[in-house]
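Comments concern the structure below.
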Amino acid sequence: MTSRPLIYGTSGFRAKADEQLQLIVYRAAFYAAARAKKLGKAVGIMITASHNPGCDNGLKLVDPSGRMLAMECEEELTKIANGTEEEFEKFKNEEIQQIKNNEEKDNQTPIIVIATDTRPSSAILYEEAVKGIKLLGIFVDIKYFEHHTTPQLHYIVKAINEKKPVDDYIQQFRRALGKSREFLNVEENKNLSPLYLDCANGVGSLWIAKYLENNGFICKNGLDVTKNEEENLDKNNILVNLFNTNTNDGELLNNGCGADFVKIKTSLPANFPTNLPVRTRCASFDGDADRLIYFYPNLEGKICLLDGDHICAIFTKFINEQLNEAKTNGELINLNLGVVQTAYANGNSTRYFSKKLNIKPLVTKTGTKHLEEAALNFDIGIYFEANGHGTVYFSDKFYKLIKEGENGKEKEQIPRYIKLLSLFSKLVNEVDGDAIADLLTVEFLLRYFNWTIQDWEKNTYSNCPSFQLKVPVSNRNLFVTPEDNETRLLQPIGIQNKIDECVSKFLNSRAFIRPSGTEQIVRIYSEANSLEEAKQLANELEKIVKAEALKE
């Protein structure tokens with residue numbers, strides 16, 4: 001291929017939706033089909049570019065467990081997808097021959113599960129994927145889920161391989177949400193304010209009501225709800241005002257809205273009322289509904305963020321309380337609880353876990369695959385990126401303990417902490433960060449603790465002032481970090497000294513520069529004593545990045 005190679009990064013392949021991407025999808029789909037045949041399991045293909053603009057698209061593979069493609073496969077897939085025609089033909093023929101050699105002892109039909117979100121280019125890329133799958137030369141059972149979220153695909157792949165009902169990707173969460181109401185004080189919760197939800201003009205807007213409606217929530221188009229209607233709604237239900245739900249115009253996707261926009265710009269999304277009451281509870285999905293950010297407008301007319309680290313904090317506090325409750329009742333639950341973060345985690349969040357909950361977080365490289373891998377070392381592994389992507393892993397040991405706690409007992413005899421841990425494990429989507437499932441869980445926990453969004457912040461931590469910038473570059477590969485520490489730059493040579501010198505000018509500050517894993521940009525993160533100083537520091541670092549980029 002003559003174009004610049006596309007690397008299978010933290011979120012698969014991402015690029016402009018052009019002919020190069022079509023070829024990449026074609027070849028990657030063949031790879032997925034061959035993998036499904038060899039493993040004898042269903043493998044998933046998600047066609048999306050998540051929080052990227054609507055003109056972009058991409059592909060990521062989902063392994064039979066419902067988790068991401070095994071990391072050891074990434075380099076091989078990158079090489080195959082970007083190779084010459086001769087190299088790809090050689091690989092294809094070898095795979096087909098290997099399948100023929102095993103034909104007698106392996107007669108299972110491979111299954112490929114393909115899902116697309118709402119991007120305009122998804123239909124063409126789906127067709128390319130089907131063509132690539134058919135190269136295998138045998139029958140492949142292709143299951144297509146149009147207009148689905150990325151987390152739904154992860155869940156569906158796992159369900160198919162475990163021979164569970166596929167439609168449980170809605171029903172499990174609806175059942176858990178309904179069950180959660182048994183643990184809430186309805187009278188205490190009657191005054192909970194409406195939720196204003198930004199759907200990023202993405203696929204999440206097609207699904208959110210299907211999870212929430214007739215389950216303690218009422219979903220309305222936010223632009224249509226009058227103040228009078230809002231005040232006269234049934235107080236036993238929480239009103240969810242939906243904004244940015246136009247999935248028909250690809251140019252609107254993530255445009256001035258969505259979790260990434262809110263996180264980076266610290267601004268209200270497009271189409272939100274400018275006269276929102278102070279402290280209104282708001283949230284934002286990204287384009288494929290795998291990221292969730294909460295926020296509220298403050299007295300200064302700005303917004304306060306409660307990002308992935310805050311979601312991690314409220315999840316961890318709840319689980320920690322249940323484990324402590326068991327100890328108080330004389331039950332020794334031998335489960336290890338862990339928290340996994342990245343360098344983007346706000347400094348005050350790390351201090352909250354360490355000092356308030358006595359849990360020292362593990363810090364990994366950016367990218368969900370790295371956090372997920374680390375979380376698998378715990379019985380309960382809670383992992384979130386600051387961008388709002390994350391979930392909770394539960395080990396077999398955890399599920400065994402829950403089963404033993406529930407078995408052979410009348411409902412009223414089951415310890416409350418067992419009931420709550422069991423409920424929590426059904427509210428979250430364990431196999432992938434899921435904006436909708438995480439929102440259900442946060443909304444339950446806010447009612448469980450009887451907290452407003454400000455109480456949530458007050459009872460966990462307030463963010464250390466921070467700022468982020470995205471700097472477009474022609475070649476992000478110029479900027480290289482060590483394998484084990486992405487907060488330092490090895491290349492361009494000498495750039496890290498310039499960064500350190502810049503940071504030293506600001507009291508109690510930290511900052512780092514790293515190349516994006518999915519876009520041709522360099523990301524800058526800074527923390528300082530004030531937001532103005534954090535912005536100033538980031539702007540100084542932006543000058544350094546631009547100067548280095550010009551040298552190419």
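Each residue, glycine too, has its Cβ placed from N, Cα and C.
Note on Ser50 (active site, phosphoserine intermediate): other Cβ atoms within 10 Å of its Cβ, all shown chains, come to 28. Sequence annotations record features per position, and here TrEMBL assigns active site, phosphoserine intermediate to Ser50.
Under 8 Å, Cβ to Cβ, and six or more positions away along its own chain, Asp288 (Mg(2+) binding site) finds Met46, Thr48, Ala49, Ser50, His51, Asp117, Thr149, Thr150, Gly202, Val203, Gly204. Residues or ranges marked as Mg(2+) binding site in TrEMBL: Ser50, Asp286, Asp288, Asp290.
Sequence annotations record features per position, and here TrEMBL assigns substrate binding site to Glu385, Ala386, Asn387, Arg514, Pro515, Ser516, Gly517, Thr518, Arg523. With a 10 A radius on its CB, Gly517 (substrate binding site) counts 19 other CB atoms from all the protein chains. DSSP assigns Gly517 (substrate binding site) to coil in the three-state reduction, outside any helix or strand.
Positions annotated as domain 'Phosphoacetylglucosamine mutase AMG1' by TrEMBL: 172-292 (among others). With helix defined as DSSP H, G or I and strand as E or B, the domain 'Phosphoacetylglucosamine mutase AMG1' (172-292) counts 40 helix, 22 strand, 59 coil.
Taken together, the residues in the domain 'Phosphoacetylglucosamine mutase AMG1' (307-451) have a mean pLDDT of 94 on the 0 to 100 scale. Among the features that TrEMBL reports, domain 'Phosphoacetylglucosamine mutase AMG1' is placed at 307-451 (among others).
Counting residues 6+ beyond its ends, the domain 'Alpha-D-phosphohexomutase C-terminal' (505-542) has Cβ neighbours under 8 Å at 9-11, 14, 49-50, 52, 58, 343-344, 346-347, 366-367, 464-481, 486-489, 495, 499, 549 in the same chain. The domain 'Alpha-D-phosphohexomutase C-terminal' feature in TrEMBL is assigned to 505-542.
The Mg(2+) site is defined by Ser50, Asp286, Asp288, Asp290, and by the 8 Å test on Cβ atoms against their centroid, the other residues of the chain that qualify are Thr48, His51, Asp117, Thr149, Thr150, Gly202, Ala259, Phe285, Gly287, Ala289, Arg291, His389, Ala435.
Asp290 (Mg(2+) binding site) and Pro515 (substrate binding site) are 21 Å apart (CA-CA, integer value).
Per DSSP, the domain 'Alpha-D-phosphohexomutase C-terminal' (505-542) is made up of 12 helix, 13 strand, 13 coil. The two recorded residues Gly517 (substrate binding site) and Asp286 (Mg(2+) binding site) have their Cα atoms spaced 17 Å from each other.
For Glu385 (substrate binding site) paired with Asp290 (Mg(2+) binding site), the C-alpha to C-alpha distance reads 11 Å. For the domain 'Phosphoacetylglucosamine mutase AMG1' (307-451), residue counts in helix, strand and coil come to 80 helix, 19 strand, 46 coil, using DSSP.
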